[in-house]
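Asks: Relevant sequence annotations retrieved from TrEMBL are reproduced here:
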REGION    1-20  region 'Disordered'
REGION    126-152  region 'Disordered'
COMPBIAS  130-140  compositional bias 'Acidic residues'
DOMAIN    243-474  domain 'Aminoacyl-transfer RNA synthetases class-II family profile'
BINDING   Thr338, Gln381, Ile382, Glu383, Tyr421, Phe447  L-phenylalanine binding site
BINDING   Glu423  Mg(2+) binding site
Amino acid sequence: MELPQRELSVLEAASADEPTPIAELASATGQKPETVTGAAFDLEERGLVTVTEDTVADVELTEEGERYRHMGLPEVRLYLAAREAGADEAPVSMGAVLGDADLEGPEVDIALSNYARKGYGEIASGDLSADPDADPESDPEAAALDRVAADDTVDDDVRETLERRDLVVVHERTVRSVTLTDDGVDALMAGVEATEAVGQLTPEMLASGEWEDVEFADYNVEADAETPSSGKTHVLRATAERVKDVLVGMGFEEMEGPHADSEFWINDALFMPQDHPARTHWDQFALSEPSEVDDLPADLLERVESAHREGVGDDGDGYHSPWTEEMARGVDLRGHTTSLSMRYLSGHQVGDLEPPQRYFSVEKVYRNDTLDATHLLEFFQIEGWVMAEDLSVRDLMGTFTEFYSQFGIEDVRFKPHYNPYTEPSFELFGTHPRTGEVIEIGNSGLFRPEVLEPLGVECDVMAWGLALERLLMLTHGFEDIRDVHGTLADIDFLRDTEVVY
Ligand code: PHE
């Protein structure tokens with residue numbers, strides 16, 4: 001019989017009497033474990049070996065486990081101190097013994113509950129007794145901590161107790177082993193020779209015609225392979241790119257503009273009264289350098305001021321609250337990308353726009369929020385607007401239904417809402433795939449005349465700001481936004497997460 005070299009060496013290194021783990025075969029044959037696995041499966045297909053799988057647990061001490069290994073388990077320390085204080089003859093006061101055992105904080109409770117569980121003695125109304133026959137030297141959990149440290153095996157039930165006590169962590173992995181079958185033994189007895197199996201076709205082989213005579217190694221797609229942990233596109237970035245593709249597919253063009261912008265573009269152009277609570281440092285981040293801009297378009301500034309003071313139209317009414325140009329010139333990190341929509345709609349960014357138009361951005365915004373599972377100080381907003389004659393809420397809902405369905409989200413819900421700059425307005429909600437909770441995913445509406453008239457826009461504009469992170473929560477099912485952002489990010493999630501199309 002002839003076999004490729006990598007298979008032959010595995011066949012020769014395997015035994016008929018007991019399963020040999022892949023790792024052992026790898027060192028015996030000098031081949032990589034993934035090569036050995038591939039060869040083993042090929043040999044199994046030929047009926048020469050069987051491949052078995054076992055789950056083995058790698059057990060590792062936690063920091064607390066390591067500490068107790070050196071200092072002694074709290075209950076053992078308590079027992080030794082109790083014996084020292086004579087508790088094996090008559091109960092002693094617990095307070096004194098705890099001090100002698102050097103126990104404080106959470107270790108006190110740990111010591112007491114395990115003391116009783118293990119039969120070191122009894123605890124009754126503040127007094128401690130010690131069983132004179134107990135033997136802390138043979139405490140199975142203490143011994144197991146030493147065995148874990150030495151990579152020795154530990155009984156399942158002791159291991160489970162240590163795991164419950166958070167003194168060890170257990171990682172399970174699959175180990176494959178190879179055993180010769182009767183046919184495998186027969187083949188070896190009859191003699192097996194190595195074939196020259198070629199792993200890769202080369203231009204030289206093609207040129208010389210040698211390719212016609214060689215045997216090519218089979219490609220085994222089931223073999224274990226090393227997991228490369230190289231850099232890859234962050235799931236949030238990947239989703240942002242996908243959102244852009246979807247919106248471009250829906251006929252939108254991309255907007256761009258400054259992260260730090262004047263309050264004018266961020267708030268005033270949006271008919272946000274200057275005394276609105278969202279315009280304080282509680283909500284937004286102000287820049288001190290530069291603290292002001294001086295390139296605001298003068299005529300637009302004037303029209304916006306007039307909308308704030310007097311409103312627009314015949315029966316319009318403004319805010320009866322203060323308005324200063326100085327405040328409009330202040331510089332903030334944008335709290336929404338609606339600042340970009342204002343720049344574009346005003347004609348300031350790319351010149352006057354004739355309807356119909358569709359624009360979007362997927363960009364960062366900054367808010368002085370309190371960090372929690374659903375809020376960050378910065379997040380990505382999916383901004384968008386459509387400028388056309390005669391738009392209605394139905395157009396807006398239809399756009400969202402189409403947009404979200406491209407991400408498999410079919411149950412978007414709407415709730416009436418208030419924004420100073422849109423009327424009507426509504427918020428969007430989606431259902432979290434794991435918790436079933438209904439979460440807010442965006443905000444939208446039709447811009448008011450007080451916004452559009454000063455900008456010189458004469459038709460309707462519907463607009464929205466959606467949260468990219470929330471979309472990601474719906475598509476990927478994670479619950480804490482900090483899993484994907486910042487120092488608490490769940491690296492395994494980021495590494496393993498599939499790209500969803
Ligand atoms: N600016 C709003 C927000 O950040 C979103 C929005 C944009 C709402 C445009 C209506 C119109 O929540």
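Glycine is treated like the rest: Cβ placed from N, Cα and C.
Please treat TrEMBL annotations as automatic predictions, because they have not gone through curation.
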Asks: How about long-range neighbours of the region 'Disordered' (126-152): same chain, 6 or more residues beyond its ends, C-beta under 8 Å?
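Replies: Counting only partners 6 or more residues beyond its ends, the region 'Disordered' (126-152) has Cβ contacts under 8 Å with 59-61, 65-66, 68-69, 72-73, 76, 78-80, 82-83, 87-88, 90-95, 97, 115, 118-120, 158-159, 161-162, 165, 167-168.
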Asks: The region 'Disordered' (1-20): which same-chain residues, six or more beyond its ends, come within Cβ distance under 8 Å?
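Replies: Contacts with the region 'Disordered' (1-20): 28-31, 35-36, 38-40, 42-43, 46, 48-49, 52, 177-182, 184-185, 187-188, 190-197, 215, 217.
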Asks: Would you identify the secondary structure of Gln381 (L-phenylalanine binding site) according to DSSP, in three states?
Replies: strand
Asks: Near ligand 1, which of the binding-site residues show up if the criterion is a Cβ under 6 Å from one of its atoms? Options: Ile382, Glu423, Phe447.
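Replies: The ones that qualify number zero, so the answer is none.
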Asks: Using C-alpha atoms only, work out the spacing between the residue listed as 'Mg(2+) binding site' and Glu383 (L-phenylalanine binding site) and round it to an integer in Å.
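Replies: Roughly 17 Å, rounded to the nearest whole number.
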Asks: When the number of other CB atoms within 10 A of each residue's CB is tallied over all shown chains, which of the binding-site residues Glu383, Glu423 has the maximum?
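Replies: Counting every other Cβ within 10 Å of each candidate, the maximum falls on Glu383.
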Asks: Do any residues at least six apart in sequence from Tyr421 (L-phenylalanine binding site), in the same chain, have a Cβ closer than 8 Å to its Cβ, and if so which, in order?
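Replies: The list for Tyr421 (L-phenylalanine binding site) reads Leu270, Phe271, Met272, Thr338, Gly445, Phe447, Arg448, Glu450, Val451, given in order along the sequence.
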Asks: Please give the greatest C-alpha separation between any two of the L-phenylalanine-binding residues Thr338, Gln381, Ile382, Glu383, Tyr421, Phe447, in angstrom, as a whole number.
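Replies: Among the residues the record ties to L-phenylalanine, max Cα distance equals 18 Å.
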Asks: Using all protein chains in view, find how many other C-beta atoms are within 10 Å of the C-beta of Thr338 (L-phenylalanine binding site).
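Replies: Looking across every protein chain shown, the total is 30.
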Asks: Using DSSP, tally how many residues of the region 'Disordered' (126-152) sit in helix, strand and coil.
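Replies: The counts are 13 helix, 4 strand, 10 coil.
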Asks: Per DSSP, to which secondary structure element type does Tyr421 (L-phenylalanine binding site) belong, with helix, strand and coil as the options?
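Replies: In three-state terms, Tyr421 (L-phenylalanine binding site) counts as coil.
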